[in-house]
Amino acid sequence: LGLCSPKRPGCFGYPLSIFFIVINEFCERFSYYGMRAVLVLYFKYFLNWSDNLATAIYHTFVALCYLTPILGALVADSWLGKFKTIISLSIVYTIGQAVLSVGSIHDLLDQDGDGRVDNVAIPIAFSMVGLILIAFGTGGIKPCVAAFGGDQFEDHQEKQRNRFFSIFYLSINAGSLLSTIITPILRGVECGIHVKQKCYPLAFGVPAILMAVALLVFIVGSTMYKKVQPQGNVMVRVAKCITFSIGNRFRHRSKQYPKREHWLDWASEKYDKRLIAQTKMVLRVLFLYIPLPMFWALFDQQGSRWTLQATTMDGDFVIINFLVFSPLSSQQTVNPILIVIMVPVVDAVVYPLIKKCHINFTPLRKMTVGMLLAALAFVVAAVVQVQIDKTIPVFPAAGQSQIKIINMGNTSATVNFAGTNQTAEVGPANSVRVVFCSYSHFTSSVSVYAVIKVIFNLCCLFKMQGFVWINIIWFSFQCNSSEVLLNYVEDIQPNTISMAWQIPQYFIITCAEVVFSVTGLSFSYDQAPANMKSVLQAGWLLTVAVGNIIVLIIAGASKIEEQWVEYVLFAALLVAVTLVFAIMAYFYTYVDPVEVEAQMVEDEKKREKEPPSYENGNAPVLQTQM
């Protein structure tokens, strides 16, 4: 049946080399998304950064990850080629993951064993170095791996190549799905020699190992790869064409020079008409990209603001029958699960139904709907935040104190600690003491009671559930040989807002991703000339980077104290930008680059066949300029 060919390494009609590429992509995406799933919590709880600082650094990192693909494409196309670029930057990537993991080992940074890092500057330095290396690694290989996989197919294997990209996309989502389930669970493991704490070294270490496996798998298949040598970077030629056109137009700005149909036509003195026409097509699409970063500004807050929102909610809920994830795992896993479900549903059910209703649902209209859905998701998030805020106590700010007057009365109750009766000696019944009870952040899916301090007849008892101390009980007690009689008052009620209420906003923004991101990638590919598809892919990734920079600017400049107000602000900004995009899309004319290029080739052949015509029968006089 020819399932595997002995002459050319391959199985089921596919080059055997692509299986190594798909496995490599699965492991790399597991490494990246697994690390990113707990990154903002690492900033907040291990490095003790504020929510705003953790959000700012997180989005700076994501932006850098989507800026470096331009560098990776330049290196691959102009210098090393795709294969060597992937190998080189994967090594950088692996080192970065290892550095991040080592910097989170608490026992190496806590020499006195008091449970606190001796010098917080050390883990911060490790974190920044590791994240920079990771950004250059993951961003640099991002535009290379998929294209390298496409290079493995022959021209007659177009069907197999298209299926490969579907499998490749599936491997990305599979890696993301598993990593966002596993790494939060690994983080929840208690580890440490002196003090048991959340195990960030394990949560970062496993992704580091997976990246090393990805590199090893890719190297193993090296003898089977079809390696295309670099032919010069088309992005460089496009940039030079644009630069020359602008400069030439400026030099001939006088009215004595006739106007040209398009400003890029001023590059015709140096560049051929085909390159100019291709550049025009690319710039028309890049112009449409201008409003798109606002979508990513909202979308990528799933890993920052929405994650921080989840830390203030009750995380004990079942996301799949008979399977209970950890609270953070549940929150982070919703999006990739919905992606896997929604992509085939939208393609096989929703779009065909819309077509039967005779609605011309063009790619740009799909993207417009996706942007509006993302805005709606943030409105839902704002509603959830309002409900959360009603249950969150107001703690004293820096330099402030709170005093509560509690009448303990004479009522008593019996409490058994840890299943055993405990006795204690107490002071005078009428003595008054002040107990300072601090609160901290922990992750635990089980309610736990911990006695913090006892001073004479006053004590402070904390109850932990979910992610924060949520219940403070003040009590006085009397003891005898068999029981503890205590009088208590609940100061903070448990948070009853379930993390399951985040599912609607995740569902809506996943629908937005399906109709916006998937459609946008396809639109970029279809509207680009054959030799400039990498230019538009780099431009598309650049919009993600700019979107994260927008979050940095708004979060840094905004003085908004209420989180729900910030959610509404982002939603309103996206709606305004969507209206601009809809107007731009209305005036856009779709083109078929294949037909345009074929027509240009035909015109060139006709001109070559036509004999030269001279006016007055005289041959042209060639003039040279010294």
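For all residues, glycine too, the Cβ spot is worked out from N, Cα and C.
TrEMBL entries are annotated by machine, without manual review.
Annotated features, as they stand in TrEMBL:
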type: COMPBIAS; residues: 602-612; note: compositional bias 'Basic and acidic residues'
type: REGION; residues: 602-626; note: region 'Disordered'
type: TRANSMEM; residues: 12-33; note: transmembrane segment
type: TRANSMEM; residues: 53-74; note: transmembrane segment
type: TRANSMEM; residues: 86-105; note: transmembrane segment
type: TRANSMEM; residues: 120-141; note: transmembrane segment
type: TRANSMEM; residues: 162-182; note: transmembrane segment
type: TRANSMEM; residues: 202-225; note: transmembrane segment
type: TRANSMEM; residues: 281-299; note: transmembrane segment
type: TRANSMEM; residues: 333-354; note: transmembrane segment
type: TRANSMEM; residues: 366-388; note: transmembrane segment
type: TRANSMEM; residues: 454-477; note: transmembrane segment
type: TRANSMEM; residues: 506-525; note: transmembrane segment
type: TRANSMEM; residues: 537-555; note: transmembrane segment
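Listed by sequence, the residues of this chain that lie at least six past the ends of the transmembrane segment (366-388) yet keep a Cβ under 8 A from its Cβ atoms are 292, 294-295, 298-299, 306, 309, 312-313, 495, 497, 501-502, 504-506, 508-509, 511-517, 519-520, 523, 563-565, 567-568, 570-572, 574-575, 577-578, 581-582, 585.
Only sequence-distant pairs (6 or more apart) were considered; of these, fewer than three Cβ pairs between the transmembrane segment (506-525) and the transmembrane segment (53-74) are under 8 A, so the stretches are not in contact.
Highest Cβ contact count with the transmembrane segment (202-225) among the listed stretches 53-74, 86-105, 120-141, 162-182, 281-299 falls to 86-105 (criterion: pairs under 8 Å). Under 8 Å from some Cβ of the transmembrane segment (537-555) lie the Cβ atoms of residues 52, 55-56, 59-60, 62-67, 69-70, 73, 142-143, 235, 282, 285-286, 289, 292-301, 304, 520-521, 524-525, 566, 569-570, all in the same chain and six or more residues away from its ends. Between the transmembrane segment (53-74) and the transmembrane segment (333-354), the number of CB pairs under 8 angstroms, six or more residues apart, is fewer than three, so the stretches are not in contact. Sequence-distant neighbours of the transmembrane segment (86-105) (same chain, 6+ residues past either end, Cβ-Cβ under 8 Å): 28, 31, 35, 42, 46, 72, 80, 122-123, 125-127, 129-138, 140-141, 144-145, 148, 200-201, 203-205, 207-208, 211-212, 214-215, 218-219. Remote same-chain residues near the transmembrane segment (120-141) are listed as 28, 32, 35, 42-43, 46-48, 61, 64-69, 71-72, 75, 85-86, 89-104, 109 (criterion: CB distance under 8 Å, separation of at least six residues from the stretch ends).
With a cut-off of 8 Å between Cβ atoms, the residues of this chain six or more beyond the transmembrane segment (281-299) that come close are 238, 242, 264, 364, 367, 370-371, 374-375, 377-378, 509, 512-513, 516, 520, 523-524, 527-529, 532, 535-536, 539-540, 542-544, 546-551, 554, 570-571, 573-574, 577-578, 580-581, 584-585, 588, 591, 593, 596. Through the fold, the transmembrane segment (12-33) approaches residues 2-4, 90, 93, 97, 134, 138, 141, 145-146, 148-149, 152-153, 157, 160, 164, 167-168, 171-172, 174-176, 178-180, 207-208, 210-211, 213-215, 217-218, 220-221, 224-226, 336 of its own chain, all at least 6 residues removed from its boundaries and within a Cβ separation under 8 Å.
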